[in-house]
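J.: TrEMBL lists 1-20 with the feature region 'Disordered'. Summarising the annotation, TrEMBL assigns domain 'Major facilitator superfamily (MFS) profile' to 26-401. Annotated transmembrane segment per TrEMBL: 27-49, 61-80, 92-115, 121-140, 152-176, 182-200, 221-249, 261-279, 291-308, 314-334, 346-371, 377-396, in sequence order.
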Amino acid sequence: MASPTAPLALPDSTPAPTEHASTVKTLPFFVVSALLATGQMYIPIPLFSAMKSDWHVGSGVMTWIISAFAFGYAGGFVLFGPLSDRFGHRRVLFTGMLTAAVVTLLTGLAFSASVEIPLRVVQGLVVGSIPPALMAYVAIRIAPGHRAVVTMSMATSFLAATVLAQIVSQAVVGWFPWRTVFLGSAVLFAVLAFALRSVMLDDLPATANRSLRHSYAAIPAVLRIRALLPMLIAGALSMAVMVGVYTGIEIAGLVHGSGELLALRAGALPVMLALPMLAIPLARLSRHGQIMLGVLVAAAAMIAAALAGTGVVLLTVLLAVLVGGLGVIAPAVLQSAGELGGDARAAASSVAMFSFYVGATTGPLVAAAAAPHGFAILSWTLSVLLLLALTLTLLAPRPTLA
């Protein structure tokens, strides 16, 4: 059995691949796939008013449309993630993308909130098959010298989806019915399914020799890695803050006018685009140190937002700083999971992403409870979550990699 702080070692018959994928060919499609998959959680936020009007429901129901997807998304990581070890990353991605296209189409055709919410759970469950397979492929098929940059780019894409999905959704709903956003996403899933199949290397033959029992047995083993568990909780709290703050802004009606909303959402994009370029400087810090840095920056920004009031310009800057801090945490947790997971990389990546989106599930619920009392209350509430993440990171045992 693995020691609590050493990489997990499960029996593995998969040989190290002798061929690496082209980073230049692979990365653009992986980035777009990550944006599309995770973006499905956030695209309803700018659609709240139109959906409420169509279905005659309140804001509380709208927050469940976000949480329902996040709940299914998190479950999808655990249910389907380990299957990429068994059936191969390329096969799982192709199948997952095509299935996501069908379910997303149905989601866009829902005629009531009571139908939409369970469909969003199913959509999240299916789309949850995509990111773990992407990250596991990166861990074994991308050249070692490129992995840090590619991992940071992927993690940044998952994070950037928070903003980009809202920007695209807001732009589309300004001209077309809100259902167009889901229908367009369905088409993109189908197109990307075939694009990924064309650029990815064939699955390693040995992956087919691995039993399902082996794949799923890795999940509880990953959770027994003592050094990883506090990182996973910190990642979950960070995602709760990320989703909570944007949902809370929409619920509180903090910003009026599409131009101000667009500026607020787009303000974090330069920071997100800069994050992959920080991969090499950040590599000088330990993974633990990177998480500490990210949590400190994010907590400082959230506390400043609580004290600063509701000025749009200042809030835009502080949200950009917040996103920058959170953008350091996610890749550090993902890389820690991959390293400490040892041979069970796909399972470890699945568990890490599961933790993120368990946090994302709670974010809208926190926002629904706190935002009606004012943005300052929401900001302080989210600050407490970040301070808890900081405490957990400080007290966490330092990982020892073999």
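Heads up, the Cβ atoms here are built off N, Cα and C, so glycines get one too.
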J.: Same chain, outside the transmembrane segment (61-80) by at least 6, Cβ under 8 Å from its Cβ: which residues?
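T.: Hits for the transmembrane segment (61-80): 38, 40-42, 44-45, 48, 51-52, 55, 92, 96, 113, 116-118, 120-129, 131-133, 219, 243, 247, 251, 349-351, 353-358, 360-365, 367-368.
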J.: Taking the transmembrane segment (291-308) as the first stretch and the transmembrane segment (261-279) as the second, find out whether 3 or more Cβ pairs fall under 8 Å, excluding pairs closer than 6 in sequence.
T.: no
J.: With contact taken as 3 or more Cβ pairs under 8 angstroms (pairs 6 or more apart in sequence), are the transmembrane segment (377-396) and the transmembrane segment (182-200) in contact?
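T.: No, the transmembrane segment (377-396) and the transmembrane segment (182-200) are not in contact.
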